[in-house]
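Feature annotation from TrEMBL assigns substrate binding site to Arg90, Glu155. Marked as Mg(2+) binding site by TrEMBL: Glu155, Asp191. For 26-259, the entry in TrEMBL reads domain 'HpcH/HpaI aldolase/citrate lyase'.
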Amino acid sequence: MLPKTFIRHISQFAGVRDAAKYVPRRALLYVPASNQKMLDKIPTMQADSVVIELEDGVALTAKAEARAQAAVALDKIPYHSLACQELGLRVNSVSSGLLEDDIKAISKAEKLPHAFMVPKVDSPEDLVTIYNIFREHYGDERITNTNTRLVIWIESARALLDMPRILSSTLNLHKQAGFFKLDAVVFGSDDFCADIGSTRSSHGTETLFARQKFVTCCKAFQLQAIDSVYIDIKDLDGLKRQSAEGRQWGFTGKQVIHPSQVSVVQEQFLPPKERIEWATELVHAYSEHESLGKGAFQFRGQMIDRPLLLQALNIIQLVERVQN
């Protein structure tokens, strides 16, 4: 694998995120905060991103208990020895009316999660509400003096159509106001299907257009794109097929709802050996041409420019993090 200093140099030249800060999210595994036994198992969970869940996985009658247990878990969990790459926390949406209660309770914890995760972001106006609630309960200093990332969900027809404006507004909140930096976007297929009146299937043809538009928008803003849940937890062959399809389309990870799905998904979202070799050799070749002041060039019969370089860097960053 390439030296980290070399990767950082090429990354900065290409205008992408620092490789040392790259967070793999091949699998997002939800852990309901109302289930203390599951919370206690978080340190040993192998999913790239383990998400403490306050939203759909928690019954309305258990929300208060879940908030209290989540706040305790954030301070109790040993971040330095986690088996996962990221500990996230998913709150409730703006439209639910529960977001402020979530943030008020969670802000009592001394530690922040690696990522705050906000579902059902339907408009830039939702972002203003989210930002104001976080500012009120965390304060500007705690928000700006942290490496905590932001992950949002797109789950409605309105949000999908307005996605470029939503992503742009979220990134601008980081640049202009110091809010958490948007790092990944998740496609919420169940709520999307309910919104448009379609029927969920294991083959996912009802969301084909939405998933392809979604991943295109994410990549236009250089953001990770996290694919939909595979609903049949017993059908691991179907999960494997849909995971491989998602990676081929450009998705960087997938949501999972059961630990048995994690290894299948993460294996499929790890690039094959020949793709890793391609990426490593391409970045070396690009560095040589860049030092000579040249632009596009041929590599293995392909014309190479910045977009292909970004693909190669994404592969190298992913492999570097998951193998450490």
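Note that Cβ sites are derived from N, Cα and C of the backbone, with glycine treated the same way.
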- line: Across all protein chains shown, the binding-site residues Glu155, Asp191 give the max Cβ-within-10 Å count at Glu155
Field: Alpha-carbon spacing, Asp191 (Mg(2+) binding site) to Glu155 (substrate binding site), which is rounded to whole Å
entry: 6
Statement: The number of other Cβ atoms within 10 Å of the Cβ of Arg90 (substrate binding site), counted over all protein chains shown, is 28
